[in-house]
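Asks: Copying in the features that Swiss-Prot gives for the protein in this structure:
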REGION    1-66  region 'Repeat 1'
REGION    1-22  region 'Disordered'
REGION    78-142  region 'Repeat 2'
REGION    155-336  region 'NBD1'
BINDING   Gly202, Glu203, Pro204, Gly205, Val206, Gly207, Lys208, Thr209  ATP 1 binding site
REGION    337-547  region 'Linker'
COILED    387-521  coiled coil
REGION    513-532  region 'Disordered'
REGION    557-765  region 'NBD2'
BINDING   Gly607, Pro608, Thr609, Gly610, Val611, Gly612, Lys613, Thr614  ATP 2 binding site
REGION    766-855  region 'C-terminal'
Amino acid sequence: MTRKSQEAMQAAARLAERKSSPSVEPEHLLMELVQQTEGIVPRILDKLNVPQAQFLAELRTKIDKFPQVTGGGQKMFASPRLEKIFQAAETEAQEWGDSYISTEHFFMAMLKGGDSELNGLFKKNKVTAEAARTALTEIRGKQKVTDDDPENKYEVLNKYARDLTALAAEGKLDPVVGRDEEIRRVVQVLSRRTKNNPVLIGEPGVGKTAIAEGLALRIIKQDVPDNLIGKKLMSLDMGALIAGAKYRGEFEDRLKAVIKEVTSSDGQIILFIDELHTLVGAGKTEGAMDAGQLLKPALARGELRCIGATTLDEYRKYIEKDAALERRFQTVMVEEPSVEDAITILRGLKEKYEVHHGIRITDAALVSAVKLSHRYITNRFLPDKAIDLIDEAASKLGIETRSVPEEVDKIERELMQLRIEKEALKKEKDESARERLAVIDKEITELNAKNQLLREQWEFEKGGIEGIKKLKADIEDLKVAVAKAEREGDLGKAAELKYGKLPEAEKKLKALEERSKEGAKSSSENRMLKEEVGPEDVAEVVAKWTGIPVSKMLESESQKLLHMEDSLKHRVVGQDHALTIVADAIRRARAEISDPNRPIGTFMFLGPTGVGKTETVKALAEFLFDDEQAVVRIDMSEYMEKHAVSRLIGAPPGYVGYEEGGQLTESVRRRPYSVVLLDEVEKAHPDVFNILLQVLDDGRLTDGQGRTVDFKNTVLIMTSNVGSQSILDPGMSENQKREAVNEALRERFRPEFLNRIDEIVMFKSLGEAQISGIVKVQLDLVAQRLRAKKIGIDFNQEAIDFLAKKGYDPIYGARPLKRVIQTELLNPLSKEIISGKVKAGDTIHVKANGSTLTF
């Protein structure tokens, strides 16, 4: 007996004992057979459309009528009726050619046994031996019972695979647009005599699984060669196959059963294995074979037609290593679609997403999703990244439609506060409380009326959107029903749906959409819900993903960009020429007219120490990101040795730290829109510049792990002191200084490096007038720090001139000024504050008095 038969017998004995029956009757056994999880009898009844709950209820009634024996303790034994069924089951097993007596043999024996009690029950539920035999043949196929666990080998594909053709017939698969060449190639390989196993190879997100789904859709539409019409495409679920295989050999058993079912279908079933590389090594334990080895013989003989899908990296890593497995598959390369093709693919999918989110998606949104994702999301592939953008933008609007609008929410919160206040004031007895109560009542009445109006408008708009969503879903269902009726040859039904219900529903939808558009036009000012996804919604999602501002510029931002130099001048004094060059680069990028294949700007800032080179970079970061720390700052003095280059892009394979990635590449991967500062660039080893050539020219760099990092949205600034002696020489004219600096640069850097820089910016040495401006900037910072302590401070002109004169040093620039402010102003001031002479609320007046400052 099989395991399930033994379990059923034991359960039947326990049931008889519970019911105090004198012996185990066939009804007890039948009851357990019908209730058996993963058993075969429930599957037979399913196929015969027998309502199991009703069947069990009738059985229970029969069992309850059996005579009962009290006193207990007696041993349970099989009744003569059951023994007769045992013998019949043995005969049944021999007839089927099985080595074990299985549960279905008992069931067939009961049907054929001529037991009057059971016959009545079967007749009432229209269960006949012939029908049961047909159902059983369907379930078992050509399998024989050769071990004690046959149930795991019946209908294994239903357990461990998804029927893609069935899903396609029900309209549950997304339409597949384009990709005709690849599908034709797959069909070509499938039609070979041997080794008819295509494997789809491509980058993640280019649509490999979609090609398999496209083939399923074509099989259903009969848009395939004759040898594929009516075939089933099943997607194997490796996870389900491995999960729960507790004993050694159980996984192999399951896989053998899958292979057997596919091969015995005589080519009717094509297997699709997504993530094909999971086959190699799957289920491998010591002494066991892995899945790949079990599949090889069937694949080579052409008995098992299989479509695989995997990425380039995994194919190389797992499948190419096993040459015997590799030669059984024929590769079909799936390239990333072009921008135009991706737009076509999105247009094909648009309807599915509109139905799901209940929102219209404009064509402009589809185009901008593809173009923006192609330009700004460089580490992923089309069409997947563009589909994700559209999906998220539509999801955002869909959520807004379904949740209470902000205006309504705000009013309801106000109402809540007023009601709480009203309850508190009711307890007060004085006049002012009564007056306030009257005011609150009036406010509550007004807000209630306003809320009522807004809620009605929201419900009305929401109702319109929901109505359109429901109609679209209905139309989708009707189209599936039409296709099904046409396939089944029910032309009457197809005509009724196609020329009756479908046009009617489409007409309704058109009318609803027209009304909705009219309403949107007439009340565009007061409209609460937005019901279509536009390009600006997509741009907003891109900005959230990448941090790159691609959304439409607001008035305030365009004004800010036009006057960018003025904001930078508040921090950087005396270097107007340098600020204009940087501002122009940022404006070009934001207007989207700069070269999309290069960084926003690459500059080299030259000049003596302390003239504001690094300060300009910080000011730029604060202007762009409101945070001066948003600079990817790399001190090139740390890269003096040749081997330090690997710290920038990450260690090569085989070295410690390979997994970590490089300092420069990782920070730009995380923040693609940033200011990169390479400080003191002349201190680095010359080999470092070889790496920078790629960044300066193509805006890209490949890190130690072979990933391409995109620098197209960065501003790259290098600072250097090369030629600062010439800049400081008072006897040289501007042109002579520039000549001397260029000469020094040519000596220090290679021509191919200098030639790739957008602009070499010379910072002038600072004069006394500029130092005076810097004093004001620094004193503003001091005042800011004191304001936090509630202390005011002001300076007269003499004090400013005194600090400027004392802090001026043409060689060291503005840095000595900070030290002077520290010693002359901050040190004595700190003593005054600590001693308690200066307290919160005071204002300090600072004046110059000869050689010191007085407070």
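Residue positions begin at 1 at the first shown residue.
Glycine is treated like the rest: Cβ placed from N, Cα and C.
It should be emphasised that the depicted structure is a prediction, and the values quoted were computed from it without experimental measurement.
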Asks: How many Å separate the Cα atoms of Gly607 (ATP 2 binding site) and Thr209 (ATP 1 binding site)?
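Replies: Checking the Cα atoms of Gly607 (ATP 2 binding site) and Thr209 (ATP 1 binding site) gives a distance of 57 Å.
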Asks: To the nearest Å, how far is the Cα of Pro204 (ATP 1 binding site) from the Cα of Lys613 (ATP 2 binding site)?
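Replies: Distance between the two Cα atoms comes out at 43 Å.
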Asks: Identify all same-chain residues not among Gly202, Glu203, Pro204, Gly205, Val206, Gly207, Lys208, Thr209 whose C-beta atom falls within 8 angstroms of the centroid of the ATP 1 site's C-beta atoms; report them in sequence order.
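Replies: Here the non-site neighbours turn out to be Ala210, Thr311, Val334, Glu336, Phe381, Asp384.
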Asks: May I ask which of the stretches 1-66, 155-336, 337-547, 557-765 has the most CB pairs under 8 A with the region 'Repeat 2' (78-142)?
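Replies: Out of the listed stretches, 1-66 contacts the region 'Repeat 2' (78-142) most.
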Asks: How many Å separate the Cα atoms of Val611 (ATP 2 binding site) and Glu203 (ATP 1 binding site)?
Replies: 49
Asks: Taking 8 Å from the centroid of the Cβ atoms of Gly607, Pro608, Thr609, Gly610, Val611, Gly612, Lys613, Thr614 as the cut-off, which other residues in that chain fall inside it around the ATP 2 site?
Replies: Phe605, Glu615, Thr719, Phe763, Gly813, Ala814
Asks: Check the binding-site residues Val206, Val611 for other C-beta atoms within 10 angstroms of each C-beta and report the one with the most.
Replies: Val611
Asks: Just jot down the residues in the same chain as Thr609 (ATP 2 binding site), at least 6 apart in sequence, with C-beta under 8 A of its C-beta; none if empty.
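Replies: Asn721, Ser724, Tyr812, Gly813, Arg815 - these are the non-local Cβ neighbours of Thr609 (ATP 2 binding site), listed in sequence order.
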Asks: Given the model, what does the mean pLDDT over the region 'NBD2' (557-765) come out as?
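Replies: That stretch averages a pLDDT of 81.
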Asks: Looking at the binding-site residues Pro608, Gly610, Gly612, Lys613, which has the shortest Cα distance to Val206 (ATP 1 binding site)?
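Replies: Minimum Cα distance from Val206 (ATP 1 binding site) across Pro608, Gly610, Gly612, Lys613 lands on Lys613.
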Asks: Restricting the comparison to the binding-site residues Gly205, Gly207, Lys208, which residue's C-alpha is spatially nearest the C-alpha of Lys613 (ATP 2 binding site)?
Replies: Gly205
